[in-house]
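Colleague: Mind looking over this structure? Questions follow.
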Amino acid sequence: INMENASSVKEFILLGLSENQGVQKIFFVISLFFYMIIVAGNLLIVITVISSQRLNSPMYFFLCSLSFVDICYSSVTTPKMIADFLVENKTISFVGCVAQLFGVHFFGCTEIFILTVMAYDRYIAICRPLHYTTLMTRRVCGQMVIGSWVGGFVHSIVQTLLTTQLPFCGPNKIDHYFCDVHPLLQLACTDTYTVGIIVVANSGMITLSCFLILVMSYVVILVSLKSQTSEGWHKALSTCGSHITVVILFFGPCTFIYIRPSSNLSEDKSVALFYTVITPMLNPLIYTLRNEEVKSAMRKLWRRKVGSE
């Protein structure tokens, strides 16, 4: 694709979260701190799951994949945002912008699919416990995760190609802290109505259908729990509770932004902070604080580490 000839714009200027110097310095400190927590927390989960023999069930395999995606996902936007708080002109090259757009949709969509797979895993574990080991084999779990990545890739390619086909001839100011479809559509110097609809349909269809699958699997789980003892109830809810929390934190803002044609970008970017920074940061906390097995595996890992030194 020869992107350069249709577009005279070689770079974009990201307006970021605030124009105020003082506010930017505060944001710099906060977001750097958040990003360090995201990387450390999610890495800790990945290392714990990989190195612990006890955490070899599909649930933890998926959790490990989710944490890995979270690190990649926030790394597409957050480091650039952090660096931009310190500089006056927040530019990003055309290619860099397209790469960011691709990364955000690739990892974001992969995350949506992995969350959906996790709900399916909980459904099988609770509603068909006797068939669990035969249904959720290593191979099946591996295929599901690979499928999530492939799905994310296909979705992202579509979004990226649709956007890069548009001509950009200025203005080049993006009212956001990263390159996303909606802000770019507003800058294209052609009518983007049809592309806008395709883009919203593409994101919306994926988000909505996955969300429906999630809701349905949880409805089925809750219905099947009616016959359970209160202890069974409690156990099931504790494994599902953390997942439901993460799903709401991630899908809520995502649906808000991608399911409607964008009108208010400044509103969009504060909502986007949620699923690019806040959710990846909270995921490890939500999953570990509510999960005794993960906590004890982490303690063991820590003791091994300290003991070996």
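For all residues, glycine too, the Cβ spot is worked out from N, Cα and C.
Curation plays no part in TrEMBL annotations; they are all automatic predictions.
Features from TrEMBL:
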type	residues	note
TRANSMEM	26-47	transmembrane segment
DOMAIN	41-287	domain 'G-protein coupled receptors family 1 profile'
TRANSMEM	59-76	transmembrane segment
TRANSMEM	92-120	transmembrane segment
TRANSMEM	140-158	transmembrane segment
TRANSMEM	193-225	transmembrane segment
TRANSMEM	237-259	transmembrane segment
TRANSMEM	271-289	transmembrane segment
Colleague: Which listed range (59-76, 140-158, 237-259) shows the maximal number of Cβ pairs under 8 Å with respect to the transmembrane segment (26-47)?
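Modeller: By the under-8 Å Cβ criterion, the transmembrane segment (26-47) pairs most with 59-76.
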Colleague: Find the average pLDDT over the domain 'G-protein coupled receptors family 1 profile' (41-287) in the predicted model and report it.
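Modeller: A mean pLDDT of 88 is what the model gives the domain 'G-protein coupled receptors family 1 profile' (41-287).
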Colleague: Taking residues 6+ outside the transmembrane segment (92-120), which of them lie with a CB under 8 Å of any CB in it?
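Modeller: Result: 3-4, 7, 9-14, 59, 62-63, 65-66, 69-70, 72-73, 76-77, 80, 144-145, 147-149, 151-153, 155-157, 159-160, 163-164, 168, 174, 178-181, 184, 203, 206-207, 210, 213-214, 217-218, 243, 246-247, 250-251, 254, 275-276.
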